[in-house]
Amino acid sequence: MHDIRLIRENAEAFDAALARRGVGPVAQSILSLDSRRREIATRMQEVQARRNEASKAIGAAMGKGDKDTAEALKAEVAALKVELPALEEEERQLTAQQNAALAAYPNTPAADVPEGADEADNVEVSRWGTPRDFAFAPKEHADLGPALGLDFETGALISGARFTFLKGQMARLHRALAQFMLDRQTGENGYMECIPPLLVKDEAVFGTGQLPKFAEDLFRTTDGRWLIPTAEVSLTNAVQGQILGEAQLPLRMTALTPCFRSEAGAAGRDTRGFIRQHQFEKVELVSITRPEDSESEHERMTQCAEGILQALGLPYRKVLLCTGDMGFTARKTYDLEVWLPGQGAYREISSCSNCGDFQARRMNARYRPEGAKGTEFVHTLNGSGLAVGRTLVAVLENYQQEDGSVAVPEVLLPYMGGLARLTPQG
């Protein structure tokens, strides 16, 4: 949600910032609503003050025996009592319209975000690792996985397209990856482990920006709750409506949860394999910070995600998203794209975003600086640390052997109960 005060102070700058994201100009329409709402609010105050004044004057007139004046004042008070509810209703409607307008447009991009229309305009920042030189033609995970326990047919039989059934050694590897990620993020990177709800209310999904614009991408239950598309929703909303102390910041949280997405906008994309699923697991990272700390926290969070890929020995590249490819709530986003030799391409495995105070305004999440009387909105950040299923895909493709087996990365061996290789016989 945007700050109406900033729009009042510099409408041109607001329109220019949104224009970088292909939106606008919208400032004048928002300010028109704001002006009318403020006029009505002022009139309400005037009516309330005059009603109180006239009510007192009635008693004074009656005390003097001036019945004519008293009756005139009574008539005026009666008229004001009729006018006031109408003004209150108009003010309520205008406030709702203004808030809807402030919530309808995406976050304004940071100054160093490159302009562009789509992913083709993203800017590569760095690369890590050298893709393995295979002595054979590497397979895609969709071809390699079924013999190792990645069962697409059973998943489709039970639940339909974009569901997968993991069995035996494959399920063990998936669990090992998730546990390793959690251990690294909590033990070395200082994130507090959480187990949040998977079902959330409208207010929570609005707070993190999925509602109202992206409802079709979500699953809704019959009682009106939503299955989380990411633990970002639950973790970020943990500070909804709160005023935190400065000493509580930064607040760093992590959670391993199932995530549920309808993939309404992904028809025809990644229909084979384990890349794009309706249900998948992810280790999410969320940070709540002071405004002046969010940029450095963004770099730190991204490094925490990169550390998982480095520990697993998976080549990847870091990409700065352009204005046309960023998510709705982000002011700056880094994507980490892992090398998949079977596809011969880098594919997204983590997205780390600084949302500034955009989500905090929607959630009314604040903090009180030490020694200050007033409060300020916090800044919120989120990132994948990592998507477990896509990391599984990357391990399968990068560690595959010519005989169809897959070597287990060294850092995962303590989690595998002595299993050092996935084999078709296993």
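Glycine residues also receive a Cβ, built from the backbone N, Cα and C atoms like all the rest.
Feature list (source: Swiss-Prot):
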type	residues	note
BINDING	Thr230, Ala231, Glu232, Glu284, Ser384	L-serine binding site
BINDING	Arg261, Ser262, Glu263, Glu348, Ile349, Ser350, Ser351	ATP binding site
**Asked** So which one is it: of the binding-site residues Thr230, Ser262, Ser350, Ser351, Ser384, which has the fewest other Cβ atoms within 10 Å?
**Response** Ser262
**Complete:** One residue among the binding-site residues Glu232, Glu284, Glu348 has the fewest other C-beta atoms within 10 A of its C-beta, namely Glu348
**Prompt:** Going by C-alpha positions, which of the binding-site residues (Thr230, Glu232, Ser384) is nearest Ile349 (ATP binding site)?
**Reply:** Ser384
**Complete:** For Arg261 (ATP binding site), the nonlocal same-chain Cβ neighbours (under 8 Å, six or more residues apart) come out as Asp217, Leu218, Phe219, Pro229, His278
**Request:** Do me a favour and check the Cα-Cα span between Ser350 (ATP binding site) and Ser384 (L-serine binding site); whole Å is fine.
**Result:** 5
**Where the record names Arg261, Ser262, Glu263, Glu348, Ile349, Ser350, Ser351 as binding ATP, the maximum Cα to Cα distance in Å** = 19
**Asked** Which of these binding-site residues is closest to Ser262 (ATP binding site) if you go by CA atoms: Thr230, Ala231, Glu232, Glu284, Ser384?
**Response** Thr230
**Asked** Where's the emptiest Cβ shell within 10 Å among the binding-site residues Ala231, Ile349?
**Response** Ile349
**Request:** Using Ser384 (L-serine binding site) as the reference point, find which of the binding-site residues Glu263, Glu348, Ser351 has the shortest Cα-to-Cα distance to it.
**Result:** Ser351
**Asked** Who sits close to Glu263 (ATP binding site): which same-chain residues at least 6 apart have their Cβ under 8 Å from its Cβ?
**Response** Arg162, Asp217, Arg276, His278
**Request:** Determine, from DSSP, whether Glu348 (ATP binding site) sits in helix, strand or coil.
**Result:** strand
